[in-house]
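Just below is one structure, and these are the notes that go with it.
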């Protein structure tokens, strides 16, 4: 048996079913091209019979993608198969994926037929699909709850009819790994023509076991895993592609299996899908979460500085990230602070480590995470260790035109002790407020991230806005709290403005320090 596991991505079909709004054809094509770069073997990109829009997107992707096999879904109905075949006909290579329910509850309650009738429909659908392509996949929907005798009969009949891939879905995420592995093993033991098809699995995450079930399945002989980027999909989602790829890569010595995935594209693809689907990735998500390669414990950070594999079983570079993160918090030791200062180009002779660490702990206790620009200010600006409020927002007034979408904001802001008042328009109240603040401060920054949340519960909750902005190629993080979201946004921007002002002062100090070094060396 081959040790190569086929990766079948269904982000654009099953994954899209989780979205509040459908993706456009252009957005689907962007994701499809990213999946091709990622190296998926098969991409299921839609259900052509469901709508003209789905038909168009499947056809557009089929015409464009060259290095992955494009697949479309169809029920075990001729009209569905016709639509799939027509949409896919422009592709160099394609697969038709047809399915029917096989569990007792589905057969009796949903289809209202006998199992023998359903088996006959399945065989007919596979034979009909084979008129258009040799690459036909058949799925036994809700296989995880199908009586094993019926499942064996269905699989044998579908293979005999011409299916070259047989998919065993745990449609409702019901099984546990030992149970699901036993289903796959039983099929291999009891279906006489099983060697004529690739056994695939499609596991849902209702009990959080989709990845575990999929890995167990390939240990028992399955050689295709159906999955999605970031695990998005119906209800609790699908098996996560990035987790499967990195499990098989990281534990290759134990599992003896491999994929064709270009892991260095994982992070980029995950970000693209998250942005286009408007589905943020949870911070603690395996492989692609913001905290996946972040270390805050002082003990862990110490180990990481001595040897990276003490607390990392894979490198961030392996999925396309530049490096891991050692978050500077009150749990960070002196060695981490020294390491960060060295990375920023400072020798231990440039600052007093005892004083710096003492001030660092005070600031970390107050604000949680300390950033590089905070550390520099603590090291070289003693009196400015607290945030330098060069800018202070005194008043914000916003007027919006609900019909035109244009807003006007007027700000009164203190700039180095001088009161300035400016007004500006914008595409909405937040944009107008930002434009007015930029005029008043004459300081331009680029906002690359804006997150809106709440602090507190119920009527007493405050709006919290977190922004990340770029200034002189460095990222700065600002937070604003207020009962009004627009005011919270303005306060977050002013917070960033003050951080950049302080960074300018640190830069001036560094420049003078460098000049003194040069003069001392003459």
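Just so it is clear, glycine is given a Cβ too, placed from its N, Cα and C backbone atoms.
Noted in Swiss-Prot for the protein shown:
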| type | residues | note |
| --- | --- | --- |
| BINDING | 14, 202, 204, 238 | Mn(2+) binding site |
| DOMAIN | 5-267 | domain 'Pyruvate carboxyltransferase' |
| REGION | 392-522 | region 'Regulatory domain' |
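When pLDDT is averaged over the domain 'Pyruvate carboxyltransferase' (5-267), the result is 97. Sequence-ordered, the extra residues of this chain that approach the Mn(2+) site, with Cβ no more than 8 Å from the Cβ center of 14, 202, 204, 238, are 10, 169, 171, 203, 205, 210, 226, 227, 228, 233, 234, 237, 239. Counting every protein chain shown, the Cβ of residue 238 (Mn(2+) binding site) has 30 other Cβ atoms within 10 Å. Across the region 'Regulatory domain' (392-522), DSSP assigns 53 helix, 56 strand, 22 coil. The Cβ of 204 has fewer other Cβ atoms within 10 Å than any other of the binding-site residues 202, 204.
Other Cβ atoms within 10 Å of the Cβ of residue 14 (Mn(2+) binding site) number 23 in total over all chains.
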